Amino acid sequence: MGRAEKVVLAYSGGVDTSVCIPYLMHEWGVKEVITLAADLGQGEELGPIKQKALNSGAVVSLVEDGREEFITDYAFPAIKANALYENRYPLATALARPLIAKMLVRAAEKYGADAVAHGCTAKGNDQVRFDLGILAQNPEIKVLAPAREWGMSREEAITYGEQYGLTFPVKKSSPFSIDKNLLGRSIEAGPLEDPMCEPPEEVFEMVKAISDTPDEPEYLEIGFEKGVPVMVNGEALGPVALISKLNEIVGNHGIGRIDMIENRVVGIKSREIYESPAMCVLVDAHRDLESLTLTADVTQYKRGMEQTYSELIYRGLWFSPLKQAVDAFIEQTQERVTGVVRLKLHKGTARIVGRRSEKSIYTPDLATYGADDKFNHESAEGFIYIWGLPTRVWAQANK
């Protein structure tokens, strides 16, 4: 008896998920493998994926469009939270996993599958994100993870797949692992495992090299409504179109590359290369607009919550009670975050040069040092006396 009768496999067309199809059938005795490829903006690589899965042994190959849901229900909440894992990574890959988990469970219930599967390895973060995301949707369903158990290196997995007629777009001598969606690309493995190895230019796709960027700067205006980006340069755009346009504009100026050593969920450090042009400028612009529209105490408290939020996403806890509670807090803070932020893009930098909002609590006649100054200067001395009282008492007690 096999591990399961019918399995829905999260399928990307890459090495691990492709090898999972024959492995599930020949090694684990699964009778039917249904593949599900979530279209989250991968682009051309999704073209042949349906037939590739069928050629690899799948009985049904599904490609489902999740782009709108991905941006609206996952990316936009992350932007509201200014979510950057370890203050750098805008979580492009991590945000996709809970949605894919949700889609897997939907497909399993539709097709009567008794298990779902993924191709994540035992060292990665995605195994945690998929397993927890799946179990949050259906705690009774089996979760199979062949790559966590088969013990094959990437080169051995390629050889195994080739025995069953599979072909791969990577070379055994330099097998980069690449994940792509609308929010960005992640690149790892191969020579990049040496943290001193500079990434070769050919691994980048979304963000131009500085030497290839325009010599003249470009100004970019992003409009927000209640924390959600809705306009680019005065043009109202839907979620998918907005992210796509920003990726193109920002990436053209060499903005959005990230090279970092990050701390994985399983306790190891890994070297990761990311491209995420739209998300990088959206988080920066959104944070700046908050500085114009939120009070100091709310802003300060929210910054701590943002770190928690980022860690929850990274660690696979999207559907957790704490994540839901933090969501409620962040949503409340966004009622006033409406306005426009202006950025200057040039040679790898996105510098914020202006912002405006009808909800602004910046008051020019209180901030000015000119003749229009309405700040009550006489109140400063009394304020300092009260504010400094604990310091003065402490100093006297410690003479």
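Using the three backbone atoms N, Cα and C, a Cβ is placed for every residue, glycine included.
Annotated ATP binding site per Swiss-Prot: ALA10, TYR11, SER12, GLY13, GLY14, VAL15, ASP16, THR17, SER18, ALA38, GLY119, in sequence order. Long-range neighbours of GLY14 (ATP binding site) (same chain, six or more residues apart, CB within less than 8 Å of its CB): GLY119, PHE168, SER177, ILE178. Secondary structure from DSSP puts GLY14 (ATP binding site) in coil.
Take the CB of ASN125 (L-citrulline binding site) and look out to 10 A: across all protein chains shown you find 20 other CB atoms. According to DSSP, ASN125 (L-citrulline binding site) sits in a coil region rather than a helix or strand. Residues annotated as L-citrulline binding site in Swiss-Prot, with sequence analysis given as evidence: TYR89, ASN125, ARG129, SER177, SER186, GLU262, TYR274.
Under the heading L-aspartate binding site, Swiss-Prot lists THR121, ASN125, ASP126.
Remark: SER18 (ATP binding site) has TYR11, LYS52, SER56, GLY161, LEU166, PHE168 as non-local neighbours, by Cβ distance under 8 Å and separation of at least 6 in sequence. Each residue contributes its Cα atom, and for TYR89 (L-citrulline binding site) and THR121 (L-aspartate binding site) those atoms are 21 Å apart. Ranked by how many other Cβ atoms sit within 10 Å of their Cβ, the binding-site residues TYR89, TYR274 place TYR89 at the bottom. The sparsest Cβ neighbourhood within 10 Å, among the listed binding-site residues (ASP16, ASP126, GLU262), is found at GLU262.
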